[in-house]
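Feature annotations, reproduced from Swiss-Prot:
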ACT_SITE  Ser470  active site, proton acceptor
BINDING   Asp78, Asp120, Lys121, Glu444  Mg(2+) binding site
BINDING   Cys119, Cys191  [2Fe-2S] cluster binding site
MOD_RES   Lys121  N6-carboxylysine
Amino acid sequence: MRSDNTKKGDARAPNRSLLKAIGVTDSEMKKPFIAVVNSWTEFIPGHIHLDKVAEAVKAGIRNAGGVPFEFHTIGVCDGIAMGHEGMKYSLPSREAIEDTIEIMIQGQQMDGMVMVTSCDKITPGHLMAAGRVDIPAIVVTGGPMLPGFVDDKYTDLVSVFEGVGSCQSGAVSSEKLKQLEDLCCCGAGSCAGMFTANTMACMTEALGLSLPGCATAHAVDAKKMRMAKESGERIVEMVSEGLTARKIVTDKSFENAIRVDLAVGGSTNTTLHLPAIAHEFGLELPLEKFNELSKTTPHLIGLRPGGENFMIDFERAGGVQAIMKRLVTKLNLDEKTITGKTVGENIDEFVIVNPKTNARVITTIEEPLHEEGGIAVLKGNLAPDGSVVKQSAVHEKMLRHTGPARVFDSEEEAMETILKGDIKSGDVVVIRYEGPKGGPGMREMLSPTSAIAGMGLIDSVALITDGRFSGGTRGPCIGHISPEAYEGGPIGLIQEGDIIEIDMPERRLELKVSEEDLEKRRVLFKPVEKEATGYLSRYRKIVSSASKGAIRE
């Protein structure tokens, strides 16, 4: 066992003495040492219950003859960080989480680990660490929040964000906004739609690193606690088997995950996180792979924000395994999973408990919601290295759009103009200097996109940015434009009133300005330098382009 490096032989008597000081017995010294990597925090609804989930994991480890050791990681709530300087720290926290896990796992020489996680950048950080340290690893995601219920219908946090714009335009009252605020988020769990947190939970299951059914088992469901305990039991077996993370996850596993992502209409943040995770597994996942697979992967379920179903509907319809069963002819079925069985064997064992709900919520490949997957990668003279859009959440009439640029050098500038009502039908809002280096930190633009939606402009106004979006964003919103403005990308050359052409079916994003005029602008170009101190200052120096997953170089 790896942990014998800390506890076996006469030379390790001092090490054992310290372990005995924390209560480890002689008999336990002979057992596998299992880390329980817990991102529990009191800041985040998606994490508030993870202390209890971790206790269930530890019980499972003990049941199977292992010794659990729990430690914690940091976690930023994107929803609470939204719309202000705090959001600059969200994406950079991904690498900080990964680093701290590596330090603890390698420093203490753990035999295996169960990672208890939830929410947007935290789960990717855990997955990246799993690839880097390459020991037996299982991920237990915390599960979705139940939806709220307002005006006789289910709702979620995005309704509150969009309510801000609706209130500003006079469409709803301050009293109604307060009602939404009070009732849309009703307890523990990650936000109730197919936003980034739940998308990444689905990716984890599709990659084979969670037990089947884990992604959609809700935070308040006893099923989650049972799965946590089963994960604790299974990790001890995996240590005995020598089944490490890199023996499970391959290029083909990532293809499976991307197909699930495309079929469920997942968050565009997967185009950052999956390449970054692949990098830590020693693999390369080019952005173009999303386009390649999108052409042959239909969109099968209308989940918020790209539909009216919530995660509870998806869970009752069978969750990720139900989607994989629909996609069975397109998946790599021989890939291993943490169950010890293959993807195909797991699908064969999956039973549809609610056939009517399954048929209502999840379409067939023959009659999908959309022939193509949820995400498209656009390129052109405005995004030579690529940009991304959740096309499944765009109204058909806005798949192609041409309009004048309204240019802003920060989210705050754009938000002020939007809320004043100065954005008109047909406009293309440009928010730049929000990229990985330019922000720095690549903030999410959920506040401006939700304001546009709340003001009734979602089907007539586009927004493009070198920043990124929440998984809750809907509409013609194109992000991750690369190269970013800070690095001299064409988005930095746009002037007020320039015509921008968006063509999602053809995967094009064009600035309708002659190359001669653009060259004149390049000569005069000087990037905006936003102040950055501490961690963000270091991050700016080492982060790569969004087209490469914003990994560190």
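Any Cβ shown, glycine's included, is placed from N, Cα and C.
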Provide, as an integer number of angstrom, the distance between the C-alpha atoms of Asp120 (Mg(2+) binding site) and Ser470 (active site, proton acceptor).
9
Other than Asp78, Asp120, Lys121, Glu444, which residues of the same chain sit close to Mg(2+)? List them in sequence order, counting a residue when its Cβ is within 8 Å of the Cβ centroid of the site.
Val76, Ala81, Met87, Ser90, Leu91, Cys119, Thr196, Asn269, Ser470
Rank aside, I only need the closest one: which of the binding-site residues Asp78, Lys121, Glu444 has its C-alpha nearest to that of Cys191 ([2Fe-2S] cluster binding site)?
Asp78
To the nearest Å, how far is the Cα of Asp78 (Mg(2+) binding site) from the Cα of Cys119 ([2Fe-2S] cluster binding site)?
8
Return the residues near Glu444 (Mg(2+) binding site), defined as same-chain residues 6+ apart in sequence whose C-beta is under 8 angstroms from its C-beta, sorted by sequence, else 'none'.
Asp78, Met82, Met87, Ser90, Gly467, Arg468, Phe469, Ser470, Thr473
If I restrict to non-local contacts, at least six residues apart, and a C-beta distance under 8 angstroms, what lies near Cys119 ([2Fe-2S] cluster binding site) in its own chain?
Ser39, Ile44, Gly46, His47, Gly75, Cys77, Asp78, Gly142, Ser190, Thr196, Ala197
If you count Cβ atoms within 10 Å of the Cβ of Asp78 (Mg(2+) binding site), leaving out that atom itself, what do you get?
28
How many other Cβ atoms are found within 10 Å of the Cβ atom of Lys121 (Mg(2+) binding site), counting all protein chains shown?
26
